[in-house]
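Asks: Annotations per Swiss-Prot:
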- Cys61, Cys66, Cys72, Ser300: [4Fe-4S] cluster 1 binding site (BINDING)
- 73-289: domain 'Radical SAM core' (DOMAIN)
- Cys87, Cys91, Cys94: [4Fe-4S] cluster 2 binding site (BINDING)
Amino acid sequence: MVTILDTINPDAKRVRHPEKAHRPDTEVMRKPDWIRVKAPTSKGYAETRAIVKEHKLVTVCEEAGCPNIGECWDKKHATFMIMGEICTRACAFCNVATGKPNALDMAEPENVAKAVKEMGLSHVVITSVDRDDLEDGGAEHFEKVIWAIRAASPATTIEILTPDFLKKPGALERVVAAKPDVFNHNMETVPGNYLTVRPGARYFHSIRLLQRVKELDPTMFTKSGIMVGLGEERNEVLQLMDDLRTADVDFLTIGQYLQPTRKHHKVESFVTPDEFKSYETVAYSKGFLMVASSPLTRSSHHAGDDFARLRAAREKKLLMAAE
């Protein structure tokens, strides 16, 4: 089975995951009761969807098949995915389409900014596909989107979730210089899984990227997330936490991997809520300012509320250090 989807133009059918078509179908495990969600039907959801379509925007909520879309869109929260809906990578877990991307939409920064203002967002999350085809990996486009939002909605805090800018010298520095409030780059999984789960990326490059953000701007909040249920061992997750703390990462998110189609990496296990709580406790003991760990945790879920708590946690830490 190969999924076909186009959320903006339903008539433009295309193979979504051509690189996975040759793979044998894998069994999709039945979800336990603790990760069941209701279908989105609310008025708020419909209004958010209408704004997204009006401005011809792409959201990771739709493209990645996020289970929290109903809850977030009902509250007028959305994570905008810039630089198109086609990614140059082919991660085994991801539902975003793979292929040759289109040219950048030069009107996109202004369109995103208009949507942010229209939705009255106090906090916005901007992510993107990987654009290995671009000389700077899309750094300039990130910069333009941040600037446009600042101009249209100055009070809105901005969180970015970036690709790894692998082999793109100067790209990270350009994005950090644009001064987002939160810089998020997801590790996704433990290093032992990278060859099968995230083959186009390099674990220690991603760790170094997060570390470099703090070197460039020590005041910038950094954030990273992983999925569990991909066959990792507990000790591997704890080592990853240590690696992130070595890079001075402030905020860690941990959520359950959910298999998009039979062609994607299979779910090896459903991690229990108690185990997620245990990971949260350990992560706090290692020094993270904020930890979100639950089956339905995703990078942008409750991002606005979490940002307020993140700021409060830093202020508390600074006050305690001054005493």
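Using the three backbone atoms N, Cα and C, a Cβ is placed for every residue, glycine included.
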Asks: For the binding-site residues listed here, Cys87, Cys91, which shows the highest count of neighbouring CB atoms within 10 A?
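Replies: The residue with the densest Cβ neighbourhood is Cys87.
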Asks: What does DSSP call Cys87 ([4Fe-4S] cluster 2 binding site) in the simple three-state scheme?
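Replies: SS state of Cys87 ([4Fe-4S] cluster 2 binding site) = strand.
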Asks: Using the Cβ centroid of Cys87, Cys91, Cys94 as the reference point for the [4Fe-4S] cluster 2 site, which residues of the same chain not in that list have Cβ within 8 Å?
Replies: Arg89, Ala90, Phe93, Asn95, Val96, Thr98, Val129, Asp130
Asks: Going by a 10 angstroms cut-off between Cβ atoms, which of the binding-site residues Cys94, Ser300 has the sparsest surroundings?
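Replies: So among Cys94, Ser300, the binding-site residues given, the one with the fewest Cβ atoms within 10 Å is Cys94.
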Asks: Work out how many Å separate Ser300 ([4Fe-4S] cluster 1 binding site) and Cys94 ([4Fe-4S] cluster 2 binding site) at their Cα atoms, rounded off.
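Replies: One finds 16 Å between the Cα atoms of these residues.
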Asks: If you average pLDDT over the domain 'Radical SAM core' (73-289), what do you get?
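Replies: Here the mean pLDDT over the domain 'Radical SAM core' (73-289) amounts to 96.
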Asks: Which state, by DSSP, holds Cys94 ([4Fe-4S] cluster 2 binding site): helix, strand or coil?
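Replies: DSSP assigns Cys94 ([4Fe-4S] cluster 2 binding site) to coil.
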